[in-house]
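What TrEMBL says about this one:
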TRANSMEM  6-29  transmembrane segment
DOMAIN    67-132  domain 'Potassium channel'
TRANSMEM  108-125  transmembrane segment
TRANSMEM  157-177  transmembrane segment
DOMAIN    169-243  domain 'Potassium channel'
TRANSMEM  189-208  transmembrane segment
TRANSMEM  220-243  transmembrane segment
Amino acid sequence: MKKQNVRTISLIVCTFTYLLVGAAVFDALESETEKRRWEALQDAEDMIIRKYNISQEDFKVMETVVLKSESHKAGQQWKFTGAFYYATTVLTTIGYGHSTPSTVGGKLFTMCYAIVGIPLGLVMFQSIGERVNRLSSYVIKAVRSSLRCKRTVASEVDLICVVTTLSSLTIAGGAAAFSKFEGWSYFDSVYYCFITLTTIGFGDMVALQRDNALNRKPEYVMFALIFILFGLAIVAASLNLLVLRFVTMNTEDERRDEAQAMQVRSEFLMRQ
């Protein structure tokens, strides 16, 4: 069996194994806490129903009103600033879920907008990532030349180290800012930045959702948008290098397999 086929099968097995291990770890870490929170919520619900003598149906209505009012703390989500923030989450595939279209026209336009916008965003971030990698390569070469090193050309490992460091600094700097503006702990801010820049976008933590921030804090809105776009470009540079490294490994294996096949064929013909 060809080595690239073995690698593909190995990757599939490793991925599913990784998923199983992840599921087991998350189960162990989160399930008991989730159960305790659910029981606490049920106790609180029963207490409110008894204390204020309301029906289960009335409580559900109150619950719905509270949940729907949560998104309005950020201000009007669909004015231009909020709409631009929403468009950014669509194009970057972050998809927090903090605001969603409620009209048929809005839902239809979101689908059409995403069909064009997502490929456009991917190409843009990949292109920016390539420029970042090229700039990093130039800087490494210049530094090594000034230090009179024997090897001045930057390797893939060198570039991966540089862009990984840049990604870490971006997350660390962004976390400090979000911790200040949002009142989150620094760890939670790091978590938010990582989830955002990897486009996982759970939506459990979303910036600009407090104190009518979308309308009252334009400088903070600008910072959040620049952070997302710049951070995604840096992360794209890292991913671009990792993918390139994997493709290079596959190409080398294919060439090696072809050379071995040609050698076997030549030996067979010589024996005839």
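Using the three backbone atoms N, Cα and C, a Cβ is placed for every residue, glycine included.
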Close approaches to the transmembrane segment (108-125) from elsewhere in its chain (Cβ under 8 angstroms; 6 or more beyond its ends): 87, 90-93, 101, 232-233, 236
Secondary structure content of the domain 'Potassium channel' (169-243), with strand meaning DSSP E or B: 56 helix, 0 strand, 19 coil
Residue distribution over DSSP helix, strand and coil in the domain 'Potassium channel' (67-132): 49 helix, 0 strand, 17 coil
